Amino acid sequence: MTPPRTLLKVENLTKRFGGLVAVNDMTFDVKEHEVMGLIGPNGSGKTTTMNLISGAFGPSTGTISMNNRVLSGLPAHEITRAGISRTFQLVKVLPGLSLTENVIAGAAFGHKKRWGAEAVDMAHQLLIRVGLETQIDLPVTSLTYIDQKRLELARALAGEPEVLLLDEWLAGLNPTELQDGIALISDLRKEGRTIILVEHVMDAIRSLCDRCVVMNSGTKIAEGTPQDVLSDPEVIRAYLGDE
Amino acid sequence: MDILISGLLLGGTYALVAMGLNLQYGVARIMNLANGETLVLGALAAFLAFTAISLSPLVTLVIVAPLAFAANWLVYQFLLRPLVKRAKTSGQLEVDSILATFGMSFALVGIMVSIHGEYYTYSFLARPFEILGTTVAQNRLVAFFAAVIIGGGLVAWLNYTRTGTAVRAVSVDTEAARLVGINVPRVSALAFALGGAVTAVGGTLISTFITLDGSIGVIFTMKALIIVIMGGVGDLRGSIIAAVVLGLVETAVASLIDPGLTLVAAYVIFLGILLFRPQGLFGKRNA
Amino acid sequence: MTGQGFKSLTLIGVLVIAAAFVPFVTNGYWLSIAVTAMMYIALATAWTLFSGPTHYISLATGAFFGIGGYLVATGMSDFDISFWVMAAIAPIVAVVLAALIGAATLRLSGIYFVIFTLGLAEMIRGLVSWVQNNFLGSRGLYVLTDFTEEHIYWMLLGIAATVYVIGWLIDRSKLGFAMKIIGNDEGVAKHLGINTARAKVILFMITGFFSALVGVIVAPRYSYIEPNLVFSPEISFMVVIMALLGGTQRLWGPIIGVIPFILIWETITVSFPNATTLYLGLSFLAIVYFLPNGVVGLIESLTKRGRAS
């Protein structure tokens, strides 16, 4: 068996907003078929890192590359086409479109493009896959919060991305929904998908992540398996503060 | 040298008008496309008062300011506030306020043309004045200094009073201003009214040295918008510098090439700004 | 859904055929109103193509229209080029201009686009007048053709129908789907792999093409052309009002807006020529405060309510 290949490479990534350094010299790799957790206290720069990877804005310095192709600096639509899909911290479904159209939107312009009957088929399969088969004909605006999140996940999967970015996909769910959500991501993991997830839910991190990168004040303070980093004294200090 | 002085004097008055628009857009978040008509109303008042009872524009100005303030306050409360309330997104408010102020703009043009359909020609202080070896009309100089005094007063008020600080706070972040206990609707109405008053006063001043007519407002709206974007939305200092730049460029183009090309010149500047510094001359690039 | 789409296409087909007979039943005054109405139907439908899904208030119509009319005039008068050659060139010039404006403004927020188009017709008029006075000689430009009002009417009808069919096709294409997503949430659209700026610019170019073509066709009506006549900012505003009055959510919305507006407009122009601007202003206000989704939106919400009760 060959060792897993490095798919995504983040090198010396820095992002400044005016005088504020939101992300400071971050370096990490993501291997193929790996679920990597990006964790850290609020305001530590996790979502900014996700936004940099997805191309919502460009980095101040540093590079992001996938399969040895430099992606940083490209506009968001090109990064999506290169094979990086995302969900949003605050769920963003398209209210004027049907459920099926929402998913087709992910298939039509993304990494692997599908259109017409083929896209409709795929959308239906994905909607069933994420557990929305009974809601298919409902208006998007009538969906519950978790169902909107499911829809967003289906949309992100529709382009068959090489890397999936989940930005606090489990946040705001109640305990039952959380179990369902974790099971869904766990399935994706078993399929061998490469995922970066930003998460606060510790159970999810322990059960889903192969590896974690911990951020604090924009810098990486630890990296390793969930057990290792969560028992690292510096990580604990970052979360709980100095006594 | 001629160009430099005339351009500077013109820019000073433009700055006042752009400050008015900037207060309305930067604070009340209403893109007021009837701004130019407010200006022309100020000019019309000066013209009527001068021709009817030979009232000096400098006196008219004192009457115009409170009237324009009250009128703009009413417009905000009764016409624009309902749009702010009903808008679900900032995009929708933008479209609604653009359309509504277009409507006001045309309605005002219609009314002004029916009041006086000709040019607002009158002669006030049209005597030459010698300055740094250049001859300028006294009215331009008076208008410039009046604009400087009013603009300076406005900047001081914004920076050194409690209400002024509240206005600036709303301009930076509406939501945060609300959280620290600022009455945002009231401050917005105040800023809108104040902006309208400043613009109308600017119109009174401009009418002393440029001949206006009822339908010319849109040109001034356009110039004020270009100045505001060039200077950066919400940035009064930027507005002043941008206004002077525009005044200088227009005067240069008008005297060196052709007076018909001033709007073209303004557009060239505008295009340059959009391509290279859409955040304004001094704005920080937001991500 | 597709069934309904074809139904609306058939309906338009019937309307076009009916409209084609108008010159046979009327002439003189009413025919000239019909020509004006058809001109605005074509312009407003072209406007809706771009502004419907993006919600950007484009005021560039007057500029494109003027380019069409002016280029035909200057081509025929100053350079002895035939009407048809200029009819082919002018819309292409407009498309290039639309591409440049779009590239400069459409990647930024919508407000820059509105402001840029606001003074555009006026600015081009200034530029064209200057070029004409200094380089081409300031004599008048004539567009002399054999076209009658009937010919112009039919050509405009042809353009309107073409714009409609193109809009119908776009609605069913990936580009139309992309525009629908952009209209919902532009930020999401980018993250789904849509080159949003490009999609918007393409639609704006199509709008520019047809607006200029209308300018070309209408030019023979004026026969004597000067920049002040064809680069009229008023046309831009009229088109915005008529399109919004009808409703921009459906491509056939503008048709509903144009006809009543033109009839009232003509009445006012005849009886109270000084009140046209006021009428324009009050129409804007009426749309914003009473008909935010246009007549079509009103009809649809009424029928929906009717069905619900």
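Here the Cβ of each residue, glycine as well, is placed from N, Cα and C on the backbone.
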Correct range for transmembrane segment (source TrEMBL, candidates C:6-26, C:111-131): C:111-131
Other parts of the chain folded back onto the transmembrane segment (C:228-245), taken as Cβ under 8 Å at six or more residues beyond its ends: 40, 43-45, 47-48, 51-52, 57-63, 65-66, 68-70, 73, 117, 121-122, 124-125, 128-129, 215, 219, 222, 253-254, 256-258, 260-262, 265, 280, 283-284, 287, 291, 294-295
Stretch of maximal Cβ-Cβ contact with the transmembrane segment (C:111-131) [cut-off: under 8 Å; candidates C:56-75, C:81-104, C:151-170, C:201-222, C:252-272]: C:56-75
Surrounding residues of the transmembrane segment (C:29-49) on its own chain - C-beta under 8 Å, 6+ positions past either end: 19, 22-23, 58, 61, 65, 149-150, 152-153, 156-157, 159-160, 163-164, 166-167, 170, 203, 206-207, 210-211, 214, 218, 221, 235, 238-240, 242-243, 246, 248, 251, 253-255, 257-259, 261-263, 266
Top partner of the transmembrane segment (C:81-104) among C:56-75, C:151-170, C:201-222, C:252-272 - counted as Cβ pairs under 8 Å: C:201-222
Same-chain residues near the transmembrane segment (C:252-272), Cβ under 8 Å, at least 6 residues beyond its ends: 8, 11-12, 15, 33, 36-37, 40-41, 44-45, 47-48, 52, 164, 238, 241-246, 279, 283, 294-296
